[in-house]
Amino acid sequence: MDFQSRILGHFNASIDAKTYASEVLPPFIEVASQMMVQCLVSEGKILACGNGGSAGDSQHFSSELLNRFERERPSLPALALTTDTSTLTSIANDYSYNEIFSKQIRALGQPGDILLAISTSGNSANVVQAIQAAHDRDMHIVALTGRDGGDMASLLGQDDCEIRVPSTSTARIQEVHLLAIHCLCDLIDQQLFGSTE
């Protein structure tokens with residue numbers, strides 16, 4: 001097997017996925033960034049959740065806001081709901097794994113806050129329940145999905161925003177999700193603190 005050819009194939013597939021996504025996703029990323037900025041200037045916060053690689057993306061996003069992205073600026077309020085193992089395991093043990101995010105949202109979410117809900121399939125049951133809990137708390141949703149949007153897409157209202165990656169490959173969807181997250185962080189900084197160019 002020619003491993004270098006296989007590696008090149010992955011690079012090319014990633015480039016193709018991002019090129020295709022660049023033709024359809026920018027308007028949705030722009031709207032999502034504007035929603036997040038409105039939340040932040042209104043003294044709200046952004047909660048984020050997902051499973052596996054999407055949990056990592058949730059933490060990546062919140063760390064970029066709490067710390068910094070590519071320039072010095074004040075910390076911004078964001079929280080990944082994926083990091084507190086005592087909370088996650090107690091909810092999973094006492095209730096259900098499907099409730100590990102929704103119970104946190106019911107305690108922490110406030111009207112006007114945003115939930116960044118991440119799932120490559122759009123069908124993660126605990127993320128679906130997180131969206132339902134966020135709506136119950138009068139929060140808005142920014143959903144990062146893939147494939148056909150899954151169950152998450154059907155739960156979104158007119159005040160929510162879905163960034164759906166046009167791919168069926170989990171790896172390619174995750175790669176575009178990370179790029180979308182970086183775009184969101186950049187646009188938040190641009191809108192709140194002005195251009196650096």
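Keep in mind that glycine also has a Cβ here, set from the backbone N, Cα and C atoms.
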#### Entry: Site co-member for substrate according to Swiss-Prot, given N51, G52, G53, E64, N93, D94, S119, T120, S121, S124, out of Q174, Q190, Q191
Q174
#### Entry: Cα-nearest neighbour of S119 (substrate binding site) within the listed binding-site residues, H60, E64, H182
H60
### Query
What is the number of other Cβ atoms found within 10 Å of the Cβ of S119 (substrate binding site)?
29
### Query
Should Q174 (substrate binding site) be counted as helix, strand, or coil on the basis of DSSP?
helix
### Task
Using only the residues recorded as binding substrate (N51, G52, G53, E64, N93, D94, S119, T120, S121, S124, Q174), report the maximum Cα-Cα distance in Å, whole number please.
32
## Note on the structure
Looking only at the domain 'SIS' (36-197), mean pLDDT returns 98
### Task
Could you state the whole-number distance in Å separating the C-alpha atoms of S121 (substrate binding site) and H182 (Zn(2+) binding site)?
20
